[in-house]
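These features come from TrEMBL:
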type	residues	note
DOMAIN	49-300	domain 'G-protein coupled receptors family 1 profile'
TRANSMEM	33-57	transmembrane segment
TRANSMEM	69-94	transmembrane segment
TRANSMEM	106-128	transmembrane segment
TRANSMEM	148-171	transmembrane segment
TRANSMEM	205-229	transmembrane segment
TRANSMEM	250-273	transmembrane segment
TRANSMEM	279-299	transmembrane segment
Amino acid sequence: MLYPPSMSEITNTTHDPFYFILTGIPGFEAFHLWISIPFFCLYIISIMGNTTILTVIRTEPSLHQPMYFFLSMLALTDLGLTLTTLPTVMQLLWFNIQEISFEACFAQFFFLHGFSFMESSVLLAMSFDRYVAICRPLHYASILTNGVIGRIGLAIICRCVLAVLPSLFLLKRLPFCHSHLLSHSYCLHQDMIHLVCADIRINSWYGFALVLLIIVLDPLLIILSYALILKSILNTATWTERLRALNNCVSHMLAVLVLYVPMVGVSMTHRFAKHASPLVHVFMANIYLLAPPVMNPIIYSAKTKQIRQGITRLLLQRKAH
């Protein structure tokens, strides 16, 4: 339930109390138009890169394999993450529109965290794919059938929706009777929870459970899969085979680092560096949300020969037409 603002709040701000107020780059408000240029470029790179990956996988019959189906899931997730934050970030930088309604903010909260958790889940599924491909190569096609991949995709969606919905409802029931000023240009749970003027112990415990379930469990399972992969590689006959097997995992390992390093960084700064400069929080949050969608297409295009060849053929076809 949302309580009406006090008289002091009414006199201190002209903003509608049923709106959150987004923040751009603290201290650099006068330069928002210039700052928008690199942000816009990063969004364009993300949209074009992930769209290209999806198009190449869809149009190349040779890429209709489990590894590339999982890569298309990752590209879709990155597109969703990009399109979730793009409207509020760019309208703030371009037009200085800071207000976002409660309903829109909670919708952005749901999709932002949902796609972020989905990225983690897809990377976990991709590590399982690499484990089966390297440790059980003769059974790869029989284990990862199209039906199994479809069920894994459905399980990922259900997992992320069921993870985010409780935290959304737990937060939405609480009163926001203090300042409605957020410290980012999008709606993050870690940011919104600080504006609540009620007991948030249930929210904190649920958030802690989510951290264990996703930020801790997923990387541990990925590390376990790579430990098994490494054990299998070391038992192979030649160094050539070992290097070939490791090379098949490089792109995925880089994608894992690009996601989890900023994710852990954001969690640590919100939990242990509350009094740090606002620029630190803004910088970490933007890296967390922009690095994976921008870097993943670059990583997979640079490190995966089949994707590079598919992109080259796609460009030649476009040029011929």
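The backbone N, Cα and C atoms fix where each Cβ goes, glycine too.
Unlike curated entries, TrEMBL annotations are predicted automatically.
With respect to Cβ pairs under 8 Å, the transmembrane segment (148-171) is most closely packed against 106-128, considering the stretches 33-57, 106-128, 205-229.
Where the transmembrane segment (69-94) meets the stretches 33-57, 106-128, 205-229, 250-273, 279-299, the count of C-beta pairs under 8 angstroms peaks at 33-57. In the predicted model, the domain 'G-protein coupled receptors family 1 profile' (49-300) has a mean pLDDT of 90.
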